[in-house]
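Step one of this worksheet: look at the structure below.
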Amino acid sequence: MANLLLIVSGSVAAYKALELVRLARRAGHAVTPILTAGGARFVTKEALAGISGARVHDDLWAAEAEIGHIRLARAPDLVVVAPASADLLAKMAAGLADDLASTVLLATRAPVLVAPAMNPAMWAHPATVANMKALASRGVHLVGPEEGAMAEPESGPGRLAEPPAILAAIEALLHHGPLAGRHVVVTSGPTHENIDPVRYIANRSSGRQGHAIAAALAALGARVTLVSGPVAVPDPAGVTVVRIESARQMLAAVEAALPADAAVFAAAVADFRPTDVGSQKIKKVPGAPPPEIALTLNPDILATIAQRQVQRPALVVGFAAETESVVPHAQDKRLRKGCDWIVANDVSGDVMGGAENAVHLVTEAGVEDWPRLPKAEVARRLATRIAESLA
Ligand code: C5P
């Protein structure tokens, strides 16, 4: 389906590149590997050649004699650097070209996806942070790194993204899959409603479920606009992210993103906002009673979009976070708001901000109870159902 150029640089995680090649080929892609000198310390040229079924390039001058680095750089639909070492990312940021991998990365016009892997201290170092910022500003796409078990007994992000997550990011960037040609708008995260210039009302939404849905839709080929409140989770690869703070900004951003084939409203929008936002910080007056904050109802973004007369997406999906009578409330909400589906979850436990979710899919046809699943799996199932519904 696509021609991928895979650059494998030096990291203990380089063995995972073999699994990535296997998955990419199974998905129908052709993979041409480039192995850096550092990468060759962790994975052999023979293993990469065997699994990719392609010639592995590891030397600038040999490649020059055979096909030329410019042709190597121009042929692929996408260049993937996995694992991407701190050293190679620094070279990319600086525009160095002293070996085959860095030369091809400087010469290519194809989109580039990097999957970093390094020690957490190296990832957090201001030099790496600055390099990543420079690469992002030039349109280089990022997947991972993740937190979790590493070769060293240290914690923090630095671990290479898992091969299926890297493949999902690849598919998202290629816009391949059953949702190719479709546009989906997703809302995610909390909103912040200003009280005064320094204070705001917020909630505990992490954005994990909404961001995972955006990533899963993109992995099925959709063009995704993710309208997100303030969150700490990274932007999904291959997704257009619009950052907002308040509910009113979120509504405006969603309307600006239309038309769309589907819309998924996973954000935890604040129902109320302070009526008057002063231009000065509210003072604590000694002896005086604390101020009262008057609240005004925010627009309901889901209901507004679901009830539009023009440019209503063909499929509008809302969420319902409930702590009791989850399904009846969701059925009621579906009708009241005018949306097509409601994904209902019981948030009485540790769902908000947590890694797992147990949901019920409420549609016109009835109710499906899904088992407790990682949020990424809930997202994949929902994206698959959306693709089937739009087909
Ligand atoms: O009414 P409730 O807040 O329970 O509805 C939840 C659903 O409505 C979610 O899909 C949420 O994103 C959406 N919503 C919205 N705008 C609001 C409040 C909720 O889009 N102001």
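Backbone N, Cα and C define each Cβ position, glycine as well.
Quick look at what TrEMBL lists:
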REGION    1-183  region 'Phosphopantothenoylcysteine decarboxylase'
DOMAIN    3-166  domain 'Flavoprotein'
DOMAIN    179-388  domain 'DNA/pantothenate metabolism flavoprotein C-terminal'
REGION    184-391  region 'Phosphopantothenate--cysteine ligase'
BINDING   ASP271, LYS281, PRO299, ASP300, ILE301, LEU302, PHE319, LYS333, LYS337  CTP binding site
PRO299 (CTP binding site) -> DSSP, reduced to three states, gives coil
Please name the residue among the binding-site residues ASP271, PRO299, PHE319, LYS337 whose C-beta has the most neighbouring C-beta atoms within 10 angstroms.
-> PHE319
Helix, strand or coil at ASP271 (CTP binding site) [DSSP, three-state] | coil
Recorded CTP site residues ASP271, LYS281, PRO299, ASP300, ILE301, LEU302, PHE319, LYS333, LYS337, farthest C-alpha pair in Å | 38
Neighbour count (Cβ, 10 Å) for ILE301 (CTP binding site) = 24
Looking only at the domain 'DNA/pantothenate metabolism flavoprotein C-terminal' (179-388), report the model's average pLDDT.
-> 94
